[in-house]
Amino acid sequence: MARLFSPRPPPSEDLFYETYYSLSQQYPLLILLLVIVLCALVALPAVAWASGRELTSDPSFLTTVLCALGGFSLLLGLASREQQLQRWTRPLSGLIWVALLALGYGFLFTGGVVSAWDQVSFFLFIIFTVYAMLPLGMRDAAAAGVISSLSHLLVLGLYLGWQPESQRALLPQLAANAVLFLCGNVVGAYHKALMERALRATFREALSSLHSRRRLDTEKKHQEHLLLSILPAYLAREMKAEIMARLQAGQRSRPENTNNFHSLYVKRHQGVSVLYADIVGFTRLASECSPKELVLMLNELFGKFDQIAKEHECMRIKILGDCYYCVSGLPLSLPDHAINCVRMGLDMCRAIRKLRVATGVDINMRVGVHSGSVLCGVIGLQKWQYDVWSHDVTLANHMEAGGVPGRVHITGATLALLAGAYAVERADTEHRDPYLRELGEPTYLVIDPRAEEEDEKGTAKGLLSSLEGHTMRPSLLMTRYLESWGAAKPFAHLSHLDSPVSTSTPLPEKAFSPQWSLDRSRTPRGLDDELDTGDAKFFQVIEQLNSQKQWKQSKDFNLLTLYFREKEMEKQYRLSALPAFKYYAACTFLVFLSNFTIQMLVTTRPPALIITYSITFLLFFLLLFVCFSEHLTKCVQKGPKMLHWLPALSVLVATRPGFRVALGTATILLVFTMAIASLLFLPVSSDCLFLASNVSSVTFNASWEMPGSLPLISIPLISIPYSMHCCVLGFLSCSLFLHMSFELKLLLLLLWLVASCSLFLHSHAWLSDCLIARLYQSPSDSRPGVLKEPKLMGAIYFFIFFFTLLVLARQNEYYCRLDFLWKKKLRQEREETETMENLTRLLLENVLPAHVAPQFIGQNRRNEDLYHQSYECVCVLFASVPDFKEFYSESNINHEGLECLRLLNEIIADFDELLSKPKFSGVEKIKTIGSTYMAATGLNATSGQDTQQDSERSCSHLGTMVEFAVALGSKLGVINKHSFNNFRLRVGLNHGPVVAGVIGAQKPQYDIWGNTVNVASRMESTGVLGKIQVTEETARALQSLGYTCYSRGSIKVKGKGELCTYFLNTDLTRTGSPSAS
């Protein structure tokens, strides 16, 4: 009792669930109090009208009802206040329980003769409501139910045990009462256990759904950052839609296209300035760096450039080795795009100048800028990189190549847009770049107004750095200085976004303390500022689970019927399996068994009743056998084959809604029928019939005089009130089928209400009159009270149980549907989350190789440091289509070059499709540079792995690259056939050590660096159309693998001097494999 009135809730598994459970039970509690108040209001005029009495004739009943009306109205007011209810749930529940007990004992000891069967139904109502409608835990509810039962038995046993006239039939009646209370406790506990299980399941589904939503939100943020790190927003949305379509269709490759062309995501923009910048002297410096130093240096340098680009409204396009190029005026047009690029170029030169002065390392910056129009977008299927194409882009590239270190080199078009913002001087380009010399247009060098001041300030620092440089490598000195710039690391945002992803992330307990109302209109000021978005969403979830929501407009449910608004969802709900049906049937059998025991205790057990019960028992055993037949699987398998189908009956019941509804309805009707069996088979005495006809016409006054002495002993009238109690148990049997539809429960309850009231108020009302005549046959007895007459008492309790169970049925229906809805939402969200995760992985693998992506995603993310990896043997391929430069033109016919890029997109996309073939799984696409395709093999090997294996095995992937190059030529031949062109492939191969890494926080980019890469690029640029040119070392490695190579001789290679190169003995213009010796 002390625990029940404690203001603090008992410790529970989950404080979140306690808050949710408290809210879910508020509605049944309010309904219980409302039913009691309404019954008190209706009882007075209804009873007076039904019995033909005046209210003043029964002052005890009138007083008790008025006290109940006042007391429970006060409790209703307290329970309707949400904040107080959450804080004082247990004390208020205890107070209601005590008030119900007091009301029950008030009815028991007022209004006439006290009998053993008196107010048993009301105490049964108390017991059931303690379990089903009061917000108590199972232990508290069980304690209250047992105390209510024992108190009634002990009080009546002690009170009636001293009365000689009551002792003869007292023991069977008390035993019948005990069976009734035991059944009520079991049914109540069973109902509560089912509801709590359903509530907890719904809560867990909702909580899982919340975590899924947060995870989904995180994945969406990942995608947003990943896409925007590769593409502009307008292009990201368009391409994301296509990827989602692929993933939802279960296809990793592109969907079938009716026009046989790959999707082209390229648009033309005018009024754009393009900046190319190259770090002069970096190649020599990089050769002295360790892999970690090289990647750190590049990331810091290009991170600084990205920062400068952002300040001047420029967008970096791509990083090509140590070359950086960007544009201004994309994707939105900017009037000052030329000024933006010039300012950025000057700031880049200043940054490198400061670096040179501070470290003493001889590096410089060469910048070229041109203004015009571009085609911008993405081509290919893999390793997307936003790029720009046009003659103006080519000119900007040559402006950088023909520029002066430390200066910004601009064209006349850019100069015209500067409008005198900067002073310039004429540039001498005759001896620098053939393209510019052939163009014949004048170019200019921008004069930096702050260059002289910075040079003077940096002289002292430069001398100091030069002294330190004598004891420190230039690369190390450079690295240490660049670390002070603090450039962001690639994909650093992923770690910040991952905090809410884990489903085990707890939410703050303060957000769910009972004194905090979940009504957002009452949320304390400043609370929203303290809670993060996830917590606010959890408040919304709790509110959505509130049982009061069933009476409010919902986008998922129909307000009146609770049907799902989506017909397909309603169909799925009704067809869903119900494995727990067998337990519903088993508990209903307990109610049936209780009715049987009660009737055997209080009736004369006529043969017809025994025969009927025997048949009903057989039907029930058959029903239970069908429901639990799956537990006989092992036994049946050992028996004859003709019995192997028996376990399928249980599955049939669980999965077939029609069969299940039929069995459930039949079970309840059996309980209904047998509840009144004793009444139907009650023997009739002519004396009792005579009495009944006279009693009904007697006018009841304060002193009731009976017409003579009548033999009533032969009639077992004591079974009349117990038949009424059995009818009440029949009502309770409907509550056991938790997943039975509300409309069916309504129909069965209404049917049983009409049948019960018809029996007790009409066809068999005379039996109640006989019992009253028996109890009040002495002239000294006062008139019986309203709740002392079985027929009136039964009708009142029938209506009370009818409305109570109807409300519970609607609540059960709401939670069953809500549980189904949350499970469906959770499945959808998990599928969507899985799709989003796959999309994130696909996007990340579109930026990074598959073996590098796990470094930045998943639970073992290691992006605290820059990713870098050195390899001893990597084969690098450069494959270009030089003829495309001549093919490309800009005219109205080809939409200013757009149709030319459409063909290039087909070429690159067909090349990309080769990567999905298993034989080329080891080939990694690095990037495309115009019409040049760069790829590498050997990057999926771990560092140092090559040195631990023999040379032949370590370079075996060179053969894969050769096969890939031949496949590229075959693909190009097919495109030539369909496009009526004669493009030819020029390929350069080289193998050796490289450094791989990821650089750039704004647009992370995976790249490889080293002499091997530079020489491979030279092998392509100095190669011959239709041939694969390789270095001498690579030729020897290929010959060891069985390929035939022949010498081309010595050629002059920029930056390398004279090199002896070889051609692979194959023709890329024909489909086939290279010849092998």
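Cβ atoms are placed via backbone N, Cα and C, with glycine included.
Binding of Mg(2+) 2 is attributed by Swiss-Prot to Asp278, Ile279, and the same site annotation extends, among Asp322, Asp336, to Asp322. Swiss-Prot records N-linked glycosylation site for one of Asn595, Asn694, namely Asn694. With respect to the membrane, Leu717 and Leu826 are annotated on opposite faces, judging by the topological domain names in Swiss-Prot. Record check of Asn701, Asn838 in Swiss-Prot: the feature N-linked glycosylation site is attached to Asn701.
The two recorded residues, Ile279 (Mg(2+) 2 binding site) and Asp322 (Mg(2+) 1 binding site), have Cα atoms 6 Å apart. Around the Cβ of Asp322 (Mg(2+) 1 binding site), the same chain contributes Asp278, Ile279, Phe282, Thr283, Ala286, Leu298, each under 8 angstroms and 6 or more positions distant in sequence. Across 94-117, 120-138, 170-190, 583-604, 793-809, stretch 583-604 shows the highest tally of CB pairs under 8 A with the transmembrane segment (718-738). Neighbouring residues of the recorded Mg(2+) 2 site, listed in sequence order and excluding Asp278, Ile279, Asp322, comprise Ala277, Val280, Phe282, Gly321, Cys323, Tyr324, Met365, Arg366 (Cβ within 8 Å of the Cβ centroid). Within the model, the topological domain 'Cytoplasmic' (810-1077) shows a mean pLDDT value of 82, rounded to a whole number.
Here the Cβ of Asp278 (Mg(2+) 1 binding site) has 21 other Cβ atoms within 10 Å, regardless of which shown protein chain they belong to. A simple way to gauge crowding: the CB of Ile279 (Mg(2+) 2 binding site) has 25 other CB atoms within 10 angstroms, across all the protein chains here. Under DSSP, Asp322 (Mg(2+) 1 binding site) is assigned to coil, being neither helix nor strand in the three-state scheme.
At the 8 Å Cβ cutoff, the transmembrane segment (141-162) and the transmembrane segment (94-117) share at least 3 close pairs (sequence separation 6 or more) and count as touching.
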